[in-house]
Amino acid sequence: MSTENTYILGIESSCDDTSAAVICNGKVLSNVVANQEVHAKYGGVVPELASRAHQQNIVPVVQNALDKAGITKDDLSAIAFTRGPGLMGSLLVGTSFAKSLALGLNIPLIDVNHMQAHILAHFIIEEGSKIPPFPFICLTISGGHTQIVKITNHFEMEVLGETIDDAVGEAYDKSAKLLGLPYPGGPLVDKYAQKGNPKAFKFTQPKVGDLEFSFSGLKTQILYFIQKNTKENPKFIEENIYDICASIQYTIIEILMKKIKNAVKQTGISDVAIAGGVSANSEIRKRLGLAEKHWKWNTYIPKFEYTTDNAAMIAITGYLKYLNNDYSDISIASKARLKVTE
Ligand code: KG4
Ligand code: ZN
């Protein structure tokens, strides 16, 4: 194997997806994700079950990623893993595995911040991919976070605004739960929304700071709305599911677009990216695409497979750190709470 090639193995196990990926010089060779079906019937992630499923999945997932990349573990240059934020029991599985493998192979270990990785997925080199220039702003929208981040350099980030309560992914998942849809409900609300009328029902938007978000009020509004309407018509949800989902989605995406507009106005930066699980949403992708035309922004929309949790984003972040010789000590510990700036 040529010594010019840098092969980074990325390992992601922060929540309920076990993932491993191999990146060579910034290009993805493999990105294997094992979803954990076990949580669907509980309506949310059960931490203990997630940790156990990671333990079962991690060896075959890593082996699969190496096989698909066409390399063996001896070709690896370094191992990158998610240090946090996430569920401690889940993080520990990836962290211990990464440490053991790095130690066994005598290669560098690199810790990665999951939230930075969602953003840095934009630096994966791929045909037709558009890499954002510095500085740019990124709307990071996931199951645990909703932030507007200014990125000055790969590892120089500043949070300009964030949610004061629920994350946008939570708003999707909790609304879906109220509608009787299985976890995670975000993708289903999105799917049904595409068949409905977004103006069928009206929900009010929160009154918070220009760059702040709040979604807990929306969740309460939806709860009362459903309670009231199902009292009058027990089949209300069934008969109106498409319109309800379209109206919820419309409200959420209006809020997100308004906040990005505020951020562009305040910073004067019109290079705008989205990242995180909710950036898989069809409507935010469409609206951001339109903003490129209407408002002359340069927009950066991640490839679908790099939106929800995946190890390719961990591997690319590891690669960028590797280029800076930014390695971790073997004593490094997982952290359930970690700011995007840490
Ligand atoms: O980034 P991610 O995979 O995990 C976290 O780091 O939280 O994000 C998961 C979140 C879930 O709340 C899920 O419902 C949401 O992303 N999500 C979506 C869509 N796909 C995933 N929300 C709305 N529309 C989608 N298409
Ligand atoms: Zn995530």
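Just so you know, the numbers here start at 1 and follow the chain as drawn.
Cβ coordinates come from backbone N, Cα and C, glycine included.
Matching Asn35, Asn57, Asn64, Asn281 to the substrate binding residues that TrEMBL gives (Thr140, Ile141, Ser142, Gly143, Gly144, Asp173, Gly186, Asp190) identifies Asn281. TrEMBL names His114, His118 as Fe cation ligands; from the candidate set Asp243, Asp271, Asp309, the record adds Asp309 to that same site. The binding-site residues near ligand 1, defined by a Cβ under 6 Å from one of its atoms, are Ser142, Gly144, chosen from Thr140, Ser142, Gly144. The C-beta environment of Asn281 (substrate binding site), restricted to residues of the same chain at least 6 apart in sequence and closer than 8 Å, consists of Gly186, Asp190, Gln249, Ile253. Close to His114 (Fe cation binding site) in the fold, though at least 6 residues off in sequence, lie Glu12, Ser14, Thr82, Arg83, Gly84, Pro85, Gly86, Asp309, Ile314, Leu338, each with a CB less than 8 Å from its CB.
The predicted model assigns the domain 'Gcp-like' (27-315) a mean pLDDT of 97. Proximity of the binding-site residues (Gly144, Asn281, Asp309) to ligand 2: a Cβ under 6 Å from the molecule is found for Asp309.
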